Amino acid sequence: MLLLSLRINVELFLSPITSQVQTAQQTPKHYGITSPISLAQPKEADLVLTQKLIETLRPFGVFEEELELQRRILVLGKLNTLVQVWIREVSEVKNIPSSVIDNVGGKIFTFGSYRLGVHTKGADIDALCVAPRHVERSDFFSSFYEKLKEQEEVKDLRAVEEAFVPVIKLSFDGIEIDILFARLALQTIPENLDLRDDGLLKNLDIRCIRSLNGCRVTDEILHLVPNIENFRLTLRLLVCHNIYSNILGFLGGVSWAMLVARTCQLYPNAVASTLVHKFFLVFSKWEWPNPVLLKQPEDCNLNLPVWDPRVTPSDRYHLMPIITPAYPQQNSTYNVSTSTRAIMVEEFKRGLAITDEILLNKAEWSKLFEAPNFFQKYKHYIVLLASAQTEKQHLEWVGLVESKIRILVGNLEKNEFITLAHVNPQSFPGPKEEIDKEEFSTIWVIGVVFKKMEGPENLNVDLTFDIQSFTDTVYRQAITSKMFEADMKITAMHVKRKQLQQLLPKVAIQRSKRKASHSSDGLRAMNDGSLDLSVDSDNSMSVPSPTGPSAAKIARASKDGTKPDNVGTSSSNATQKGAAPLKRPGSPVLHDSEKKPKVDSVQQTPHPSPCLSAGPANKRPASPLGNETSKKVEEVRQRSHVECFLKFYFQHCVNFVFYTLFNSILCVHFLPHSRVTH
């Protein structure tokens, strides 16, 4: 009896523990800030669709061959050894005790697409060099840079020390690598160092924290998804879309990864084919600007700025916040604008419709990669062309211009007559001004949608101010960073759909040729940093760049804090049928009419234009497209200058009338008995 009661008591004591263990075994690990939407296991049809998805992805080169993967591992191993040798040498120079030098360590970490396991063939590697506290950033950009220069495998070595996140770029045995630097407050760097430890951020300068952020975010994402292989396959498919560019206001790699990770959290047991469909379902219906979070934000009491709209007013205006999971939490999509968000949501809805068909066996996965034809989607386009004389200048110039294009998109969005500005993430090589002259150029294309207006007449919209502020920003930045050269130019022009064929490579517009007949109207001349794309001059705008003596004038003006008088001026007209003529005061506008006058009929003498500062009056080079065309373009330019001068003269007349009238009112009011005649 006693034994029986003891057994009952023991069972009663152990039953809560047993039930807890069983509950823990039955309840899967919880991912994310909410419970999953579905825990359904994949069906046989889902597995078949996933295999078809893999076969569809292969031709796109998203899977790297084993030999190439082993080559990357070998290169990273060599680089890691090089870092450890360099840190030992620096330690000896700084008289660090030999007992510390033996275990000083040092390590190369990877992040980005390579660390996530979704890199494609030929993709670069993002790496981070982690060093102990006695190795300074100046050592990294001096002695380590020189050590890299001594390596035979290293090519195209360049240091960007003044960047927001300082970096050394190089090609190691044919593999492009970007190396950041972080100096930790540790005496030695252990081999098993976990960068996710928030304590490592203590006593670090902001540049080291920024450098560490890439690795910390990447590692955190991988720890927050239930199935890494399903996550990777889903991410590989989604980044193939043509809305991948953080610098232009779309989603970058980290943002795409976090959206896919959130989808995996909501459907933890789903395979890739299901996850792709659920991704489009979730984010086509997401109520932006509600943020996407992979985990609850944590405060480490390090007084670092984090994304928090309750504290930081500017965070409240972010349109599509996707918050990084590692401290300090940041919004990875602060570049997103109204237009780019609308374009991405539209693409999510399109993806949902296509995946619905795929799941019903009404379409193949390849249909998901058939992006809408950008060059047939819009009626009006703005073309930007950045050019420079040498390849090195062109590389720097293009990087600067591309980083500022989102400013132009923002300016266009603020225009009351523009509803959408869609920049194509893909750039193209531009045409040359002179065949015999060496020049490097790049083109970006922005699709523009104008607001529909009521009325029988045409709409004339002047984009001078929008383009002007953009080009001013680019030139000022170039001058401030001391990278500006006299031959660096920006050209901006408004063209219609049919005229794009004259600018873009044939590959880019093959679908355009199949869908629409081409007009013979097109590119006519490229002179003095400006391109005229059409005989109809009301569809072109030119942005002269500061060249020759003018460049010095700009530099002086920037020092004085005044506006350079020859930087980035432009004029444009965007035509939209069904609206009354519109013109902003004080801007050079060429009016559209139902029947456009031929350029040949305009023969007027050019005058100095107070509205368009075109820099020094240099002789224009001969156009590669023929003398007759160049003559027409010159006549167009002269006509615009004449019209701008007349506009300026008319404004002065109006001002004089108002001034005279104002004086008359004053005289009548204060001298009622005097006789005033005007």
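Including glycine, each Cβ sits where the backbone N, Cα and C put it.
Database features (TrEMBL):
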BINDING   F111, G112, S113, T120, D124, I125, D126, D178, Y244, G253, V254  ATP binding site
BINDING   D124, D126, D178  Mg(2+) 2 binding site
DOMAIN    32-225  domain 'Poly(A) polymerase nucleotidyltransferase'
DOMAIN    231-370  domain 'Poly(A) polymerase central'
DOMAIN    373-440  domain 'Poly(A) polymerase RNA-binding'
SIGNAL    1-19  signal peptide
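Distribution of TrEMBL features across the structure.
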residue	record	Cβ contacts under 8 Å, 6 or more apart
F111	ATP binding site	D126, A127, L128, G214, C215, V217, T218, D219
S113	ATP binding site	H119, T120, A123, D126, G253
D124	ATP binding site	I175, E176, I177, D178
Y244	ATP binding site	F250, L251, G252, G253, W256, P425
V254	ATP binding site	G112, V217, T218, N246, T324, S332
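Restricting the average to the domain 'Poly(A) polymerase RNA-binding' (373-440) gives a pLDDT of 88.
Residues F111, G112, S113, T120, D124, I125, D126, D178, Y244, G253, V254, recorded as contacting ATP, have a largest CA-CA distance of 20 Å. Cβ atoms within 8 Å of the centroid of the Cβ atoms of D124, D126, D178 (the Mg(2+) 2 site) belong to the same-chain residues G112, Y114, I125, A127, K169, E176, I177, I179, site residues excluded. Just so you know, the Cβ of D178 (Mg(2+) 2 binding site) picks up 17 other Cβ atoms within 10 Å once every protein chain is counted.
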